[in-house]
Amino acid sequence: QINLPVIRQYVDYLVNEQDVKNVFVNGTTGEGLSLSIQERKQLAEEWMCQGKDKLDHVIIHVGALNLPECQELARHAAAIGAGGIAVIAPFFFKPTNKDELVAFLQKVASEAPEVPFYYYHIPSLTGVKIPVEDLLDGIKAQIPTFQGVKFSDTDLLDLAQCINKNETGEFEFLYGVDEQLLGALAVGANGAVGSTYNYLGRQTTLMLQAFAKPDLALARKYQFLTGEFLNFVIKLGFGVAQTKAVMTFVSGIPMGPPRLPLVDASSEFIIKAKAKLDSIVWPDGD
């Protein structure tokens, strides 16, 4: 079941301990697609409430398998003052080309006409592999609120082509593959949304600062150490359930088990993952 009272503690932890002031609610790590519409609304409301005056941006994912639910969630997000909404491509009956996808996204975005809109591109889970570069052509005319893309794909060529097209800088590209963030920054990504920032947010902020200086050697050190941890846990079997377990032992906040069909992380995983994370010496001495 969803655990609303823990969100206040969660917000304070992200802001004070991880230097994270922006959140993406009801996404993949939050198991948004495994929740009921009512649960998603309750979570969105609680994040908006607890994040008031503490968080800079709250983007709410409103994607679902059917259009009416997406539209209902978009209206709700607008009503509670969300800073942005995001939508994945529907993934049972899938859009097969750019025009079908844009038509779907437009029908959702139009229900929240004052709210910045993001397309959430995650082809590994949706199976919708329409290049984002194609999607951008003329999209502002069809979706005036289009703000950018949560780009959760390893295809840096597609990302680079998007950024090359974005000469005026009107769109944001928030990268979603944490172990490749530095590569995405190099081609022009201007933000990131990812699960590791729950527990490695501070180190990632230091990487971003090193990249901006630029001190590429230091930035690479942070990226390589994040990658070392992720490479280790991926070999053990790493998904949403395991992410919750890592976040629980790092933060001390009970993140709880996942919802079926996902199953909880094993005690063996927790022991090995904790030992690995504890063994890493970050450049800031932590």
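Glycine residues also receive a Cβ, built from the backbone N, Cα and C atoms like all the rest.
TrEMBL annotations: computationally assigned, not manually curated.
Copied over from TrEMBL, here are the features:
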- TYR120: active site, proton donor/acceptor (ACT_SITE)
- LYS150: active site, schiff-base intermediate with substrate (ACT_SITE)
- THR29, VAL193: pyruvate binding site (BINDING)
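Geometry remark: THR29 (pyruvate binding site) versus LYS150 (active site, schiff-base intermediate with substrate), CA distance 14 Å.
Around the residue listed as 'active site, proton donor/acceptor', taking its Cβ as the centre, 26 other Cβ atoms fall within 10 Å, counting all chains. A distance of 10 Å separates the Cα atom of VAL193 (pyruvate binding site) from that of the residue listed as 'active site, proton donor/acceptor'. Rounded to a whole value, the Cα-Cα separation of LYS150 (active site, schiff-base intermediate with substrate) and TYR120 (active site, proton donor/acceptor) is 5 Å.
Of the listed recorded positions, namely THR29, LYS150, VAL193, the sparsest Cβ surroundings within 10 Å are found at THR29.
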